[in-house]
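Participant: Take a look at the following structure, please.
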Amino acid sequence: MPNEALSTKSPKQLVNAAAKRDHGFRNEKSHLMDKIMPIALFLCAALSIATTIGIVATLIGETYHFFEKIPFIDFITGGKWSPLIDPKSFGIWPLICGTLLITVIACLVAVPIGLASAIYLSEYAPKKVRNIVKPILEVLAGVPTIVYGYFALSFITPIIRGLFADAGVFNALAAGIVVGIMIIPMVCSLSEDAMTAVPRSLRDGAYALGATRFEVALKIVVPAAFSGIVASAVLAFSRAIGETMIVTVAAGSTPKLTANPLESIQTMTAYIVQVSLGDTPHGSVEYGTIFAVGMTLFVITFLLNILAQYVARRFREEY
Amino acid sequence: MSSIFIDANRKQIAGRRRIDFSLKLLFLVATSIGVIALMALLIDIITDGIHMIRPELFNNFPSRKASEAGMKSAIVGSLYMLLIMTPLSFLLGVGAAIYLEEYAKKNRITRMIQLNISTLAGVPSIVYGILGLTLFVRELHLGRSLLAGSFTMTLLVLPIIIVSAQEAIRSVPKSRRDASYALGATKWQTVSRSVLPSCISGILTGVILAMSRAIGETAPLVMIGALTFVAFLPTGPLDSFTVMPIQIYNWVSRPQASFQELAASGIIVLLVMLLLMNLSAILLRNKYNKHI
């Protein structure tokens, strides 16, 4: 009989059973810790839920106060954003337009370069090259955004002003390019992860049929890893929308509806920084704009992140 | 007949080889863009700022004159912030990771927490600033203080620490836990004396990664109102403060060339600190790996 018990119970259950019989086996302190720790650890994990609730509650609460004073319909349809200077108007579109302009430029830079780097690293590069390039990309990802802001203003902007005479000191193009450089490592490492997950047998099959490396990469690996690649692009888009210091430093502070990348614009994030640097009294309409704009930013990035997770899971090819 | 086919085939194969080769070059060029960008960034900053690295930068407070301005209060502020933030985020983050990996049952609440953590990692940092402004600065009446800033940063880096600690804990083989149970250890004894010591290097690497993220963050601290001009050292956790990235931002946003150079020199100090942190992460990892 005891042998049967041994075979059906896990070690932990056996220990618990032994502990019930023999109280002198372990001291009181360890019993106490085993009662307290699960609860304490659960509270640590629950803090993340509390953080989310805190973010949502904060944004909703203050945004609600804001929309008591400013009609929601003006906010969502208005084409002019000047909440600090009279005559005041609160149309969010110029900020969204500026944000999109930066984001599109950044993705035009980051997605092709990131994807091409990922293909090179996963399909072509010898191990030696990988071991050098991957840490460099990691360093690139770890550079603080304020440093990128300085780089945009002191290095990229002069080049752009040299190429295009009518470019301003602050322009969307320089900021967008540098945001793009910042998110290259993210696109690259996420797409590369997706590509390395493609089983070797698929590649070998194609090589056996006489395919070149490029044909294998384009017709086998990229389609098989497509969901991961799309997810990485969506995440990059979301990351570019939320980027703050580069655009604050290099893109200017003039909210306007324009598609011209050589003009000075303002993004949602840069506006929030501008207001919080000034001396805005708590409870005023100007103070409320932080939360209304923050809410818009949060909702957009949140939806994009959900979309990325959905794409990665829904369209994943299983092997 | 057959020779025509073979010729056509040869031509086709040569064409495909050419495409393959030129695309390989293209991909290589694309990959080197990232590397070149990093080099350009470093060279740009070093040539602009290296001559401003002088004792005044570390000994002086900010000043209206670029020749006298330093970042003493910013360096001290950043270090104090790390000092409060690191133990806090370590305990909370590793605690959450242990719960999720060792204690949590596979149910809806666990899945929700897990999904929530990955969502939080994607929230823009400025949104954490908005949370910190409302929750810590206003509701908890901490004011625009070091403590409010450190708490905000703790929330910001928690997802990073949790995810990396989870990966580290998951890498510990089940046999280690079974061995501990077989010796009569309780669950907590197993976790604290067997599982954690064998993956502490992985956990510490994640913590240092989180610290280097925090030391470079600007936007959330601008939100909670870390000041841009601080001519004193904080003496307690409720004092107002500034940090290195904010001081750099302040200098970058001034039009004078001398302040731009000052900003570059501040960036060099920040980057050297980041480098040292990452080096210590590597050293720590190697040291602990030898013990196991």
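Just so you know, glycine gets a Cβ as well, placed from its N, Cα and C.
I grabbed these lines from TrEMBL:
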{"type": "DOMAIN", "residues": "A:96-308", "note": "domain 'ABC transmembrane type-1'"}
{"type": "TRANSMEM", "residues": "A:36-60", "note": "transmembrane segment"}
{"type": "TRANSMEM", "residues": "A:92-115", "note": "transmembrane segment"}
{"type": "TRANSMEM", "residues": "A:136-160", "note": "transmembrane segment"}
{"type": "TRANSMEM", "residues": "A:172-195", "note": "transmembrane segment"}
{"type": "TRANSMEM", "residues": "A:216-237", "note": "transmembrane segment"}
{"type": "TRANSMEM", "residues": "A:287-308", "note": "transmembrane segment"}
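Locate each feature and note its surroundings.
Facilitator: Beyond the transmembrane segment (A:136-160), the same-chain residues lying 6 or more positions past its ends with a Cβ under 8 Å from any Cβ of the stretch are 117, 167, 169-171, 173-175, 177-179, 181-182, 184-186, 188-189, 243-246, 248-250, 262.
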Participant: Does the transmembrane segment (A:287-308) reach the transmembrane segment (A:172-195), going by 3 or more CB pairs under 8 Å (6 or more apart in sequence)?
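Facilitator: Counting Cβ pairs under 8 Å, fewer than 3, so no.
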Participant: Which bits of the chain, at least 6 residues beyond where the transmembrane segment (A:216-237) starts or stops, bring a Cβ under 8 A of a Cβ in it?
Facilitator: 103, 106-107, 110-111, 114-115, 118-119, 122-124, 183, 186-187, 190-191, 193-195, 197-198, 202-203, 205-207, 304-305, 307-309, 311-317, 319
Participant: Establish whether the number of Cβ pairs under 8 Å between the transmembrane segment (A:92-115) and the transmembrane segment (A:172-195) reaches at least three, counting only pairs separated by 6 or more residues.
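Facilitator: The answer is yes, given that the two segments have at least 3 Cβ pairs within the 8 Å cut-off.
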Participant: Residue list, the transmembrane segment (A:36-60) vs rest of chain: Cβ under 8 Å, 6 or more residues beyond ends.
Facilitator: 291, 294-295, 298
